[in-house]
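What follows is one structure encoded as structure tokens, with my remarks underneath.
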């Protein structure tokens, strides 16, 4: 990997390595180290990364579905349901797609036989890479859990078809009576074989079963992705299929949360927004809000507090105030208003298939290819 590649990987996983050799080791397959015995491969890093990812996902599910009530643990999901959800989140397919979406597989160090057999396309190889990167971060940060948690969350948010946000949309859609959400990618076809290369196409699941293909809109150069919840349609557009799906899924998720608030609350209390957000979390409407505080000084030397209210699926909302107590409320109010009052953009009607210079825009109304 050159300096630009290393920079891309580090920015993508939201972590800067102190020891760049560990990062390169994460991308080194055993076949390459056998040809270059002075180098270590990524197999042990993969082992540690697998264990870390397992713990992170289990904790994430605990915070989402379980709580202590009357000194006992109660859970919205039983053991079988939790096991199934976990298997989806950390499945070989899910982790491999994360790596394929972001394009990390092209940086792998492969032996000649692996190169010849194009193993960089293998799901197992990409799954191993995902876990090895996490293992490399663990070794580099001396197992700092906050940093590992941040990296795990970032990497899982590289939006696979069966990503965590997809599970939240699916769960809320059923719970609120909308039924199974329908995932519908836009696809273009061409008679030119050069356009059907892996860089231009991405195989994905539609909903939680079936497969289709999607490529860029030849007019805009952008990917498009649609999600339907009941009669409500949401369209995402992005430079890559992962970003397009993320944009559509976030719209659907925000819509479902607003619907859940309407069903559970007559009125929201905006006088104490931090408390209201906590109540929404306790009632499992939203994930738990994380707060980050930072103190600095203005031009007159007066202390000022900056607060970031961070909510998974929404992003970060900031405020500044001389009072640490008040700055938390200010940041919470921005987030609460965004959750409850922001108008969610919906698509009234998806376009029917049209033709662009010999390329057919294919829309599958039944969600099947």
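Heads up, residue numbers simply count up from 1 along the chain you see.
Just so it is clear, glycine is given a Cβ too, placed from its N, Cα and C backbone atoms.
Features reported for this protein in Swiss-Prot:
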type: DOMAIN; residues: 6-142; note: domain 'RNase III'
type: BINDING; residues: 46, 128, 131; note: Mg(2+) binding site
type: ACT_SITE; residues: 50; note: active site
type: ACT_SITE; residues: 131; note: active site
type: DOMAIN; residues: 272-341; note: domain 'DRBM'
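Structure with Swiss-Prot features highlighted.
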{"residue": "46", "record": "Mg(2+) binding site", "Cβ neighbours (10 Å)": "20"}
{"residue": "50", "record": "active site", "Cβ neighbours (10 Å)": "19"}
{"residue": "128", "record": "Mg(2+) binding site", "Cβ neighbours (10 Å)": "26"}
{"residue": "131", "record": "Mg(2+) binding site", "Cβ neighbours (10 Å)": "24"}
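Same-chain neighbours of the Mg(2+) site beyond 46, 128, 131, judged by a C-beta within 8 angstroms of the site's C-beta center, are, in sequence order, 42, 43, 45, 47, 49, 50, 127, 129, 130, 132, 135. Looking at the domain 'RNase III' (6-142) alone, the prediction's average pLDDT is 92. Across the structure, residue 50 (active site) and residue 131 (Mg(2+) binding site) are spaced 5 Å apart at their Cα atoms.
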